[in-house]
There are 4 protein chains.
Amino acid sequence: MSPKSDIKDAGLAAAGKERIAWAGREMPVLKLIAERFEKEQPFKGVRIAACLHVTTETANLALTLKAGGADLILCGSNPLSTQDDAAAALDAYGIPTHAIKGEDDATYYKHIMSALEVQPQLTVDDGADLVTTLHTKRTELLSGVIGGTEETTTGVIRLQAMAADGALKYPIIAVNDAKTKHLFDNRYGTGQSTLDGITRATNVLWAGKKAVVVGYGWCGHGLALRASGMGSHVIVVEVDPVRALEAVMDGFAVMPMEDAARIGDIFVTVTGDKNVIDANDFAVMKNGAIMANSGHFNSEINIPALETMAAGKRTLKPYVEEYLMPDGRKLYLLGEGRLINLAAAEGHPASVMDMSFANQALGLEYLVKNRGQLSAGVYPVPADLDDNVAALKLTSLGVTIDTLTEEQKEYLSSWQEGT
Amino acid sequence: MSPKSDIKDAGLAAAGKERIAWAGREMPVLKLIAERFEKEQPFKGVRIAACLHVTTETANLALTLKAGGADLILCGSNPLSTQDDAAAALDAYGIPTHAIKGEDDATYYKHIMSALEVQPQLTVDDGADLVTTLHTKRTELLSGVIGGTEETTTGVIRLQAMAADGALKYPIIAVNDAKTKHLFDNRYGTGQSTLDGITRATNVLWAGKKAVVVGYGWCGHGLALRASGMGSHVIVVEVDPVRALEAVMDGFAVMPMEDAARIGDIFVTVTGDKNVIDANDFAVMKNGAIMANSGHFNSEINIPALETMAAGKRTLKPYVEEYLMPDGRKLYLLGEGRLINLAAAEGHPASVMDMSFANQALGLEYLVKNRGQLSAGVYPVPADLDDNVAALKLTSLGVTIDTLTEEQKEYLSSWQEGT
Amino acid sequence: MSPKSDIKDAGLAAAGKERIAWAGREMPVLKLIAERFEKEQPFKGVRIAACLHVTTETANLALTLKAGGADLILCGSNPLSTQDDAAAALDAYGIPTHAIKGEDDATYYKHIMSALEVQPQLTVDDGADLVTTLHTKRTELLSGVIGGTEETTTGVIRLQAMAADGALKYPIIAVNDAKTKHLFDNRYGTGQSTLDGITRATNVLWAGKKAVVVGYGWCGHGLALRASGMGSHVIVVEVDPVRALEAVMDGFAVMPMEDAARIGDIFVTVTGDKNVIDANDFAVMKNGAIMANSGHFNSEINIPALETMAAGKRTLKPYVEEYLMPDGRKLYLLGEGRLINLAAAEGHPASVMDMSFANQALGLEYLVKNRGQLSAGVYPVPADLDDNVAALKLTSLGVTIDTLTEEQKEYLSSWQEGT
Amino acid sequence: MSPKSDIKDAGLAAAGKERIAWAGREMPVLKLIAERFEKEQPFKGVRIAACLHVTTETANLALTLKAGGADLILCGSNPLSTQDDAAAALDAYGIPTHAIKGEDDATYYKHIMSALEVQPQLTVDDGADLVTTLHTKRTELLSGVIGGTEETTTGVIRLQAMAADGALKYPIIAVNDAKTKHLFDNRYGTGQSTLDGITRATNVLWAGKKAVVVGYGWCGHGLALRASGMGSHVIVVEVDPVRALEAVMDGFAVMPMEDAARIGDIFVTVTGDKNVIDANDFAVMKNGAIMANSGHFNSEINIPALETMAAGKRTLKPYVEEYLMPDGRKLYLLGEGRLINLAAAEGHPASVMDMSFANQALGLEYLVKNRGQLSAGVYPVPADLDDNVAALKLTSLGVTIDTLTEEQKEYLSSWQEGT
């Protein structure tokens, strides 16, 4: 292990490199960008601190940024999501990495502080813990920051709250809101990987189960689609009337949490909010009910309340905690309520991270190119970058599409021609 | 028939009234609005010209506006989409109506001119033929117009082109872009009703057919979903890379039109553009291929080119034209290329029109309330109106949903709390 | 009209011929058989009485049998299912036809008696009304009968009951039980055409509706699949535990009728049994509930009980009867409870009838070829005929499949080779 | 470890017991049977040799038989499918167990021979390796055998071949053919667990992948349904025309293997036959193609041919072998071509094995009760046992269903009542 890293076991580097290469197979768009970066060196001499889930896909992004000349340091964005072999391989590739699977909260924040030591000019964040730490604990560094990117819905919500408070001090691109990110990663990525995490933890049959999806945003859409595709009877819980109505029209049962709590077999939260499954819900759940979270923070299920209510608790098998309720019911919490796809499985498949991270790479390049041009605030990914990611992905999949003829373009921009 | 109307047969009024009441069963949101309008009279003395598909659902909107005090006149927004019994009933209810199913283009525009005779203060449009006629043939009336609404994607595209040209002279609300409109009407409405129109015209089995969906916007999403739900093998043709990629990830085959043309059994266009199926496609289609359009205008399939190429043409049965190609192949065009759900079936089910037309009614009320406050341009439906329509619809369906607690709201607006 | 026929209107023959040709487009397997029959004349001089739904697809079967030399007479197998234009065309083609859409029960049985007048040597039945009439009213003809075929589940159940009673006097091939019949016609055919019938009668939006499917046999499978594919929330009612469990694992809600009755929006029966929706169910249904039947007989919904309970009844529009219940609720019965796909739509699409009727044609040929070899009883379609129908259908669809190599065949018939 | 066992590591017993209990949660039907067996002791003193995948679900069956008084010995039915912790727990529970994950073929057959040492009176088999070994290597034991059961399609095919050859010497119940087995285990079990195994081995995104399902029996149905439910574009390869046509009508692409080979991303075999993916297919596959088998034997993919053709081979990560082809393409074989759901995941979820193994337990009880009554041959599970398993399962899921009224039963057995 390099003295600049804090990882679990440097001996895992070889296995990690193989797995990083395996993920790379499914990340052709990022690979094309890496090849260009290698020539153009957009980040030559730029210090980047990245707080991300340390997975094999993230490793491919890190190598891409390094290929572009960046002076990069990496820390984990969740205590349970680090893949220790990927961390070891990154260290071996010369990228200082601070992340250990299962680290406690103190270590987690120590790692973030270590990443800030490099006095970053760009920040890459997933959930905004790096950015908020920077804005509260290392404010003296803020003036040196060119900009940053944010990967996930939860982080974007936090940043928008910061911006609304006037607290955000540099421009941040909301990678999450790129169409080639949230339409794919949040939907197909979260959909598949969340089911995968729950399956690996429990090996339950999805067919015939009542699967309660809490939150019907893009992640919830994906989850409901995949649970339904596996034969579950899907129940959706929502607070937004338009989304709730969409769930109804998609054929799902829609009801308040207190009703769903009584009949669900498996509960998954993807709301970005806190305590969406709460004490009164635990009180009425069926014996054997299984709960998991796939939102960014482990606050969606009110675990403190569950701990208080339970008469006993034990770890049944990896990622499965059994809570014995006073009335004899047993409730199961998976992965300590942390995002189950990263805790119990391998996170999003590389193919969707390819697009998310292509947006990251291009977003960071955009920030450097427009250094000094952007005031503090939350920015969208420029539309042409977004479309370009989609076009490259299609090409890599061998899919050809049509283009508009001149006549068609003209028709779309005219208004005189009618019935 | 009232002398103020031009309809097919006033004798159809009784049947029309029954069918209007039947549609009304599924339009509870509009009914609630009508009850309020009756008390509040928001349109008292206001002249409204509405150019809409004259169906039983439209009739419910017309009666709602009339209940609100409007002085309303109606013309059709497509030569083939009028339901003559609904037109007769509207006439009988005292609403001047100018629309005859199968009218020629000259009559179609004559009816629009008749509607403009009332010197409308509000315009309601579906495809923007009324608005463009007003802006080109009756410009002297423009100064008297408070505002307007537009129902469909095609119309919004035309209005935005007008606004870009500086040609639009009053404020128009893009009802189409309300979430409770396009997420439901364009997707579930068009999806079901387009298949319905094709089925009524042809009685073909969908299972096992190669169904080519041209355009993967919201209408295309709905069509692909429903064709797949009927057992078809769906092929998507797109020009937008993000949408094309979405279709790939949704499990559909994606290819250029020229490849799809060779293998498709049934083709449906929903692009809002012209000539998306063109001469070179007709040249390679399989014998027996069926074509229909569900976009607003009958220009999506290049019918003039088909007429030129064909060695012969005959009407096989209602809504089915057989084109005999010089090489002996027979190609079938449904409903003369006009929107097939209205030509060969009854248009969108009332349940989705309930929401679309609730947005229309509330949008018109909003224009009157904000008379003089809005400059010329294309405006969204205010978000609270949109959410309100969804909430009313859920209530009418007997679906209850959760609301955020104060703690949850605060959490969503804070940014300090992290991992 | 030929004096040998009893039809509605001979003037409809031209339109009927066009529609028969249109259906024929989708019946390539039957067409191949017709071409062979024309050469081989397997039915030369054989008298055939056929009691079938008189549709354009049946017309293609009739013409196939006639091409094979048969002396054919046709009567309807349901009072509401006759397509009068198809009947007129058959008459014009020289096939005596006795069927009028909407005929009363007396006329219905008069038509069956007319068909028996020819002293049939082969019977073709759909529901077994012809066979039971022959066995009870014209027993003197039984000795002259070579054999028969039966099209549908209900008929096969009746024939098996007859055989169990020792009442069946000649061999009958259960065409229904051919794989190329029930796996396709009952599932994809009934699934699509039942939804089609209900949609044409009501134009309701399926998305978001609670659709109650009563019976989860092959027809019920198809219905649930299609209703789900249209966005409905499907509820299955069953009495067989294996089928009920299958419905659970397919993701559907499963419950007793009395619970489903309280929450369903649309009810469809496909059980082959009687009174599966009964008085106690009508008593608790929601206002506006819609009921339809797609089983063979109109006894699945207890209509006499509904008539007794209702305070009033009126025909709202074609195929929609409104029953006013004493408590003010309105319940809707479609197509008088007769199979809704034939009453309100055009019956099964030709593409599935192609296979069902290919089995009919080949089954009748088999009976003639094996004249005197088969004792009275119910027989399956020989497996090679069944496979042959599938193979011809694939070819007509342009689908190629693999065949087993010799090595593979040998492997499948050996048992020594293990792990 | 007991001297009577041959397992990997007795120290895994505690973890195995927890996992067995976890699986037991989802096996309520088997639990009810175990409770009855404990009282009734149907196997008191009966020697049973069971050759099954040694998983936590099998452990629950083993404990059920032991509860019923059986003198049971267990060996594995596949070299790669043993869960070593389950084996250790069984040993600790006093059930001699001979199975080690990854054992070579010699050890595999040695374990079978060890199981036969007990001179079994009942055999339980999965794939018929135990039965064929008994019939070829230990024929002197045959006279002492009361009967046996067989779990899987492949085994039943082998036993039927044996019976056809006159080689089968005692009665065997084809548990596979019970409706509550093959409709659920083969379809929903194989469907889910096969995808699970491939996902665990590769973490590939299923959405947008071309997934080639080779074989469209019940396993293939399940696989295609689940792959489609995960967003894959499914291609089916079949040799049976009826099944191929079913796949077409289910909306899938159907083509010969040689065409599918050129375009597939992931290939899965479930045919029960050998070399269904062969040398000429490897020759044309795309770079990066992934192959897995979920049929019983590892002969479905012609691995010897692949080994011969490849220029190199290496293990990339657990269960992923990379074959470097002479032209530079890389092909990936998962789990050495052994059933991937057991090799790379945990096999079928307990909830379906509950029904399969309930049939096993009841089938063995039936054999003992009917000792001496059954001649050699392959027998179905008696229908009442089958229905009973379904009914118990429904009860355990909290699902209530209807029962036929006397009137309805009578109606179904009568034939006089017609239209």
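Just so it is clear, glycine is given a Cβ too, placed from its N, Cα and C backbone atoms.
Predicted automatically and left uncurated, TrEMBL annotations should be read as such.
Listed features, source TrEMBL:
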BINDING   C:Thr55, C:Asp126, C:Glu151, C:Lys181, C:Asp185  substrate binding site
BINDING   C:152-154, C:Asn186, C:215-220, C:Glu238, C:294-296, C:Asn341  NAD(+) binding site
DOMAIN    C:186-347  domain 'S-adenosyl-L-homocysteine hydrolase NAD binding'
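C:Gly215 (NAD(+) binding site) sits 16 Å from C:Asp185 (substrate binding site), counting Cα to Cα.
Residues from the set of binding-site residues C:Lys181, C:Gly215, C:Glu238 situated with their C-beta under 8 Å of a chain D C-beta: C:Glu238. When Cα-Cα distances from C:Thr154 (NAD(+) binding site) are compared across the binding-site residues C:Thr55, C:Asp126, C:Lys181, C:Asp185, the shortest belongs to C:Asp126. When the CA atoms are compared, the binding-site residues lying within 10 A of C:Lys181 (substrate binding site) are C:Thr152, out of the candidates C:Thr152, C:Glu238, C:Asn341. The C-beta environment of C:Cys219 (NAD(+) binding site), restricted to residues of the same chain at least 6 apart in sequence and closer than 8 Å, consists of C:Thr153, C:Asn186, C:Arg187, C:Thr190, C:Gly191, C:Thr194, C:Val270, C:Ser294, C:Gly295. Pairwise Cα distances among C:Thr55, C:Asp126, C:Glu151, C:Lys181, C:Asp185, the recorded substrate-binding residues, top out at 17 Å.
All chains included, 29 other C-beta atoms sit within 10 angstroms of the C-beta of C:Asp185 (substrate binding site).
Sequence-distant neighbours of C:Asp126 (substrate binding site): residues of the same chain at least 6 apart with a C-beta under 8 Å from its C-beta are C:Cys51, C:Leu52, C:His53, C:Ser77, C:Glu150, C:Glu151, C:Thr152, C:Gly155, C:His296. Considering only the binding-site residues C:Gly217, C:Glu238, C:Asn341, C:Thr55 (substrate binding site) has C:Asn341 as its nearest partner by CA-CA distance. Summary: among the binding-site residues (C:Thr55, C:Thr152, C:Thr154, C:Asn341), the fewest other C-beta atoms within 10 A of the C-beta are counted at C:Thr154. Taking every protein chain shown into account, C:Gly215, C:Gly217 are the binding-site residues, and of these the Cβ with the most other Cβ atoms within 10 Å belongs to C:Gly215. Along the domain 'S-adenosyl-L-homocysteine hydrolase NAD binding' (C:186-347), the predicted structure has mean pLDDT 97.
Put simply, C:Asp185 (substrate binding site) is 21 Å from C:Glu238 (NAD(+) binding site) when counted between their Cα atoms. A simple way to gauge crowding: the CB of C:Gly295 (NAD(+) binding site) has 29 other CB atoms within 10 angstroms, across all the protein chains here. If you take the Cα of C:Asn341 (NAD(+) binding site) and the Cα of C:Asp185 (substrate binding site), they are about 12 angstrom apart, rounded to a whole number. A distance of 13 Å separates the Cα atom of C:Asp185 (substrate binding site) from that of C:Gly217 (NAD(+) binding site). DSSP gives C:Gly215 (NAD(+) binding site) a coil state; it is part of no helix or strand. Cβ contacts within 10 Å of C:Glu151 (substrate binding site), excluding its own Cβ and spanning all protein chains shown: 29.
According to DSSP, C:Asn341 (NAD(+) binding site) is assigned to a helical segment.
There are 27 other CB atoms within 10 A of the CB of C:Glu238 (NAD(+) binding site), with all protein chains counted.
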